[in-house]
């Protein structure tokens, strides 16, 4: 009966510990652990939360499933099944809601991106996440480059004394394959140029429509990944429940 705790379960548990370790290390480097109240100071999204939440969930699942099977602990195995079932239900609900309320999801994504644009210079991890997103999807801002007016360093107001005034981050710049070194100043004054000239030096499409296009182009792959994850979760729940039944049947025969 202890075979439920396969090497995969152990990998999940240790991978969860690794994610938690990376998250805590990142917070320690930013001084968050020495000043816990600073967690709420960031106006945007802190990517470290992804490591902590994913790592925490993976560790809990790996611990409950593995230890529950090895110790034949029906409480831990039932907890594993219920916890995994809740995650599966939340994923299913999120998928249905995302399909039914597409416009609302788009509005929330627009709000989320713009909120993080405001906090672009406040956190290096957030800055790297935004730069990666804009470079990967070849986009700029939520619906266009002018969304960077929301940032105090990039807005075009007369009171803005920043050298980045009326510009965009380097991640908005179109890439020249011949350039080996990234020009971090390529976005300076970009939005002061006519729109036709802007299209030459920066991406003018927003990240929300570019994400929609990417999703449509890769719908089969994305759907396949989600179906695969769902099947693994269902298999885990069934396996845990079967093990609980076997343990209770053995105990009943004593």
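A Cβ is built for glycine as well, from the same backbone N, Cα and C atoms used for every other residue.
Which of 82-101, 102-121 counts as transmembrane segment depends on TrEMBL, and there it is 82-101.
Looking at 12-28, 29-45, the range annotated in TrEMBL as transmembrane segment turns out to be 12-28.
Each residue contributes its Cα atom, and for residue 139 (disulfide bond) and residue 156 (disulfide bond) those atoms are 20 Å apart.
Sequence-distant contacts of residue 172 (disulfide bond), defined by Cβ-Cβ distance under 8 angstroms and a gap of at least six in the same chain, are 134, 139, 140, 141, 145, 148, 187, 190, 202, 203. In this view, the densest Cβ surroundings among the disulfide-bonded residues 139, 140 belong to 140, judged by other Cβ atoms lying within 10 Å. A C-beta separation below 8 Å, combined with a sequence spacing of at least six in one chain, links residue 156 (disulfide bond) to 149, 165, 166, 191, 192.
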